[in-house]
Amino acid sequence: MSSETFEFQAEISQLLSLIINTVYSNKEIFLRELISNASDALDKIRYQSLSDPTKLDTGKDLRIDIIPDKENKTLTIRDTGIGMTKADLINNLGTIARSGTKQFMEALSAGADISMIGQFGVGFYSAYLVADRVTVVSKNNDDEQYIWESAAGGTFTLTQDTEGEQLGRGTKIILHLKDEQTDYLNESRIKEVVRKHSEFISYPIYLHVLKETEKEVPDEEAEETKEEEDEEKKAKIEEVDDEEEEEKKKKKKTKTVKESKIEEEELNKTKPIWTRNPADITQEEYASFYKSLSNDWEDHLAVKHFSVEGQLEFRAILYVPKRAPFDLFETKKTKNNIKLYVRRVFITDDATDLIPEWLGFIKGVVDSEDLPLNLSRETLQQNKIMKVIKKNIVKKTLELFNEIAEDREQFDKFYSAFSKNIKLGIHEDAQNRQTLAKLLRYQSTKSGDEATSLADYVTRMPEHQKQIYYITGESIKAVAKSPFLDSLKQKNFEVLFLVDPIDEYAFTQLKEFDGKKLVDITKDFELEETEEEKAEREKEEKEYENLAKSLKNILGDKVEKVVVSHKLVGSPCAIRTGQFGWSANMERIMKAQALRDTSMSSYMSSKKTFEISPKSSIIKELKKKVEADGENDRTVKSITQLLFETSLLVSGFTIEEPASFAERIHKLVSLGLNIDEEAETTEEKATEEAAPAEATTGESAMEEVD
């Protein structure tokens, strides 16, 4: 048959070049990847056969075979899985890059380990770590048998296979090993790698071993010589006793010959680890199973092995990885972290209803005794048993998180990797919100560089503090210097720093912790005060009432209201938002979303309250100025505008007209440096002939800032 030649997709070509031309120490992972792919192919055909048993007519024995051939320097990995059609071979092995191809190359360039390859969905190409040429023979029930072949030189060929050994169904990958990689043809080396990486694959893995046995066979030549000697003796001996005749028969001469034969040795006889008693399983066995399940090269962070009995029976092993996967929040990607078995028979790894999205990083196995074997994905979603299993998985996972929290070092690793998931859980899972809230950690005005839990925060609350306070912003540096903190620090009230974009979403849903309301101090709120403080506040509000009205008239629609604030201490003013709209931080986040709903933006955008502090010397002087010259004075307007714009920045908002703001600042700088604009160059004068002469007094210069 004639061959067709195809070019590899550009990113795949780059990946192959990287794999071939870089020296990697742990090349052995190629075998793990190919066995893992074979196991996936077997999973698929077994799943299909549950609804259509005739799918297995082309081969009922589901298995993986490893066949070393020292003479031809090839290593073959064969499975009786679903096989690939011609289109599958073209798409899956060359012309369509998977989403992880580019990310994996970036990770490699950044110094990541080659053993991560399976996590990015491109494990097949690890074959080129040890082989200079790879041949793939594959037969799917819906197509003819085809041969895919490539030496990774930018192209691959595809040929219909009519003459070779017919597989019936499945895939055979033949690795033509590099001269320096023939170690992988040795029985002991193959066993070592399989035991290390693939011991817990749920299909039998058979190694084809060439065994030489010694066998005793009759020595024909010796027998002929003996017969001649016997003929000579016959003339001399008259009779032969019957017993002696019998003895002669017994003493027939034999010789030892060596006989070669291929034996199949099963390498993974261990029964499914989740069916065993947890007390009998070592940490090494859990780690080995985790790696075979997840394609991770690192050990897991924590594991939970449990069984549920009663009206519903199932066993499960759940793992928390050490790191978040690169595509953790990629919504289009199928999550296949939990493998669902029914009575030890694999059903699917795409049971989206088995675990909530916010727990998408958990990996593991669930084996149910109660689900029917012939479940379709559609009926899985409606199945009541699945809902009960999901509830139990979430419950046990939360128990596992609390166990991790008991070890400070382990919890720091966990929180660094998966804090966003915890917060997403608080946002989405109303039932477990309060339990998850106990896992939150934040820096605060009292925690220093350490992070504090909400429970620890509550223990430090002064007796007269009734609420938990927090501030949202872009960074710790930004919020730590916020004017909103002043009055709370003065009262010895601790404030939590929320600087992750998802924090505000989570706290909006959480609303309270331990019976105490969560309060965003960038929004309007009631601050606890004594009777003396209340009397002083009311007095100051009355005293500065007219100034507040004047400033509102100057600022117009830019603010909803101007109020005299007792919540500011060192700062002259700040901008706070209403309780029910977006905070400054949320407005910034929403503006950054390209596909946001603009109608929602106008509805939810912050209703700004301009707060002025009667204790500030700037506000005191501004009050005098307004009383003396009125609110229409140019200097008053300029100062008010400048105070408003600086408050926007300090409070976390953006300025709508940054150029005008910059111009005002530049004029202030000129004033501070006593720059006389009349002394400017002749050129500048010519362009500004119409401009009024600059006054030299501070007041007239300030008028020009407008």
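Placement of Cβ uses the backbone N, Cα and C atoms for every residue, glycine included.
Ranges compared are 147-174, 175-202, 595-622, 679-706, and Swiss-Prot records region 'Disordered' for 679-706. Across all of the motif 'TPR repeat-binding' (702-706), the predicted model scores a mean pLDDT of 52.
Neighbour density for ASP79 (ATP binding site): within 10 A of its CB lie 28 other CB atoms from the protein chains shown.
Secondary structure from DSSP puts ASN37 (ATP binding site) in a helix. PHE124 (ATP binding site) carries a helical DSSP state (H, G or I).
Sequence-distant contacts of ASN37 (ATP binding site), defined by Cβ-Cβ distance under 8 angstroms and a gap of at least six in the same chain, are GLY123, PHE124.
Counting Cβ atoms from all protein chains shown, PHE124 (ATP binding site) has 20 others lying within 10 Å of its own Cβ.
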